[in-house]
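Asks: Once you've had a glance at the structure underneath, I'll fire off some questions.
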Amino acid sequence: MARYIFITGGVVSSLGKGLMAASLGALLQARGYKVRIRKFDPYLNVDPGTMSPYQHGEVYVTDDGAETDLDLGHYERFTGVSARQSDNITSGRVYQDIIAKERRGDYLGATVQVIPHVTDAIKNFALADQDDLDFILCEIGGTVGDIESLPFMEAIRQLRNELEPMQTLSVHVTLVPYIAAAGELKTKPTQHSVRELASLGIKPDVLLCRAEHPLPDGERQKIANFCNVRKEAVIPALDAPSIYSVPLQYHEEGLDAEVLRGFGIVDAPAPDLSAWDDVTDRYFNPEGEVTIGVVGKYVGLQDAYKSLNEALVHGGLANRVKVNIRWIDAEVFEEDDAAIAAKLEPLHGILVPGGFGERGSEGKIASVRFARERKVPFFGICLGMQMACIEGAREAGHALASSTEFGETEEPVVGIITEWMTEEGLEKREAGGDLGGTMRLGAYEAKLDGNSHVSAIYGGATEISERHRHRYEVNAAYRDALEGQGLIFSGMSPDGLLPEIVERPDHPWFVGVQFHPELKSKPFDPHPLFSGFIKAALHQSRLV
């Protein structure tokens, strides 16, 4: 029988509920329990796939092809449990399914309402796919009081009544602000947030109080008195120097022990946190440092590249070095040629990440050219690989080489994928069709040249599986021209039609991949491509 932990937030958004859920899941896992974490997103989009990165941040893609919230990346990185489509639901998807059923006549003429139809759909999602789990953690997006989240709160209230006693627990994340002028922490926002939650029929069992300054015992007792919880259930959550120290910090404050106590578990095994100790030791005690430039389009919001940022950190952990990331707007290079050398020369590695659209593309191509000519370690991901191929084609004499994503071109080195193979068979897409859910999404296999640099990076593997999210693909018709210029196709789809990896054997480290390796990197198991890239950057740092 799985136990359920419902995680809500109050006072303000962006308190770190996702990180808290991931940390608690990791702590329970360290005690030997099987856990899975799910995310309820109240927005009306069916999924975040068509949302602006500036609005939503990164779209995290699962093995089974779901476009999900970036918090699922935290869940997977902290627990090592692969996220899947059934771990994320939105109001948009709930309503889409309900309206489709109504149109089919599945409700037999009944009036379709928020209660019971919407709340039942949410409950069914929460209860599905238990897989002999010990704990299922459910994070509810947004803030208590948001009108969009009311059906989710009602579904939680019903579940807490319907499930067995001590089978559910509510954790509420709040803010205890510090008023500098008064020199005081203020508990009133937390009190009001708990009162708002209680008005919806949900009494929190544990309060996680985010604060900039230590929470004195007197303030903890005050919160406990006014919010009707034990003092030990008021857990301070101070700002941490690294997200990878958060699980250890929460354990020190007694979060996991208090949660287990809420379920009546008093004899739980002690947690094995040695892996977390090793990660934090490597993070806080590096033996060197490198500087990596990320030349992208959405650098104004680093959450747009959340998994990429973390994967670079993981590469640093693998090599025991600190990774300094410089976020560079690719458009700068289109406006000022002198900026290219000024911004790129100090770097030990250049990375061009995935993205969409023409804006900044010429700046990215200029970055590829700089890395190729100056022999600086280069890593191109998704669109970054496509830019590397366009740059290579231009160098090979195809001056008009471009992508059909950017408009009509006489030299379509990159074009839209019209069909590709999935486990279910051939999947097709028409240009001009719907954007949502129509990309090549999820895990696909690739075959590697056993004599290639990339195969060596993967430990000699000739077959790999990586996650994809793209509509456009390098045109294999240009393979001979590109390989003649030195850009080798070292990885292809199993049917040999879709290029997956390119590399330059005459370069210290030049790799482009069509997939997103950052989505599978973890602090305990850094992705080999990021480990190799940072290792090459470390070597470069010793040359300059």
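Using the three backbone atoms N, Cα and C, a Cβ is placed for every residue, glycine included.
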Asks: Tyr54, Gly355, Leu383, Gly384, Met385, Gln386, Arg471 bind L-glutamine in Swiss-Prot, but which of Glu67, Glu405, Glu483 does that record place at the same site?
Replies: Glu405
Asks: Among Lys39, Lys222, Lys231, which is the one Swiss-Prot gives for the UTP site where Ser13, Lys186, Thr187, Lys188, Pro189, Thr190, Gln191 also bind?
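Replies: The record-listed residue among the candidates is Lys222.
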Asks: With Ser14, Leu15, Gly16, Lys17, Gly18, Leu19 listed by Swiss-Prot as binding ATP, identify the candidate in Asp71, Asp87, Asp97, Asp106 belonging to that site.
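Replies: The one candidate that Swiss-Prot places in that ATP site: Asp71.
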Asks: Considering only the recorded positions Thr187, Lys222, Cys382, which residue has the minimal Cα-Cα separation from Arg471 (L-glutamine binding site)?
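Replies: It is Cys382, whose Cα lies nearest.
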Asks: Have a look at the recorded positions Gly18, Thr190, Glu518 and say which one has the shortest Cα distance to Gly384 (L-glutamine binding site).
Replies: Glu518
Asks: Can you give me the Cα-Cα distance between Asp71 (ATP binding site) and Ser13 (CTP binding site) in Å, rounded to a whole number?
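Replies: Asp71 (ATP binding site) and Ser13 (CTP binding site) have their Cα atoms 14 Å apart.
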Asks: Looking at Cβ-Cβ distances, which residues of the chain lie under 8 angstroms from Met385 (L-glutamine binding site) while being 6 or more apart from it?
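Replies: Expected: Val474, Ile501, Val502, Gly512, Val513, Gln514.
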Asks: Using a 10 Å cut-off on CB atoms, tell me which of the binding-site residues Gly16, Gly18, Pro189, Gly355, Gly384 is the least crowded.
Replies: Pro189
Asks: Please work out the number of neighbouring Cβ atoms within 10 Å of the Cβ of Leu383 (L-glutamine binding site), leaving out its own Cβ.
Replies: 26
Asks: By the DSSP assignment reduced to helix, strand and coil, which category contains Ser13 (CTP binding site)?
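Replies: Looking at the DSSP assignment, Ser13 (CTP binding site) belongs to neither helix nor strand, so coil.
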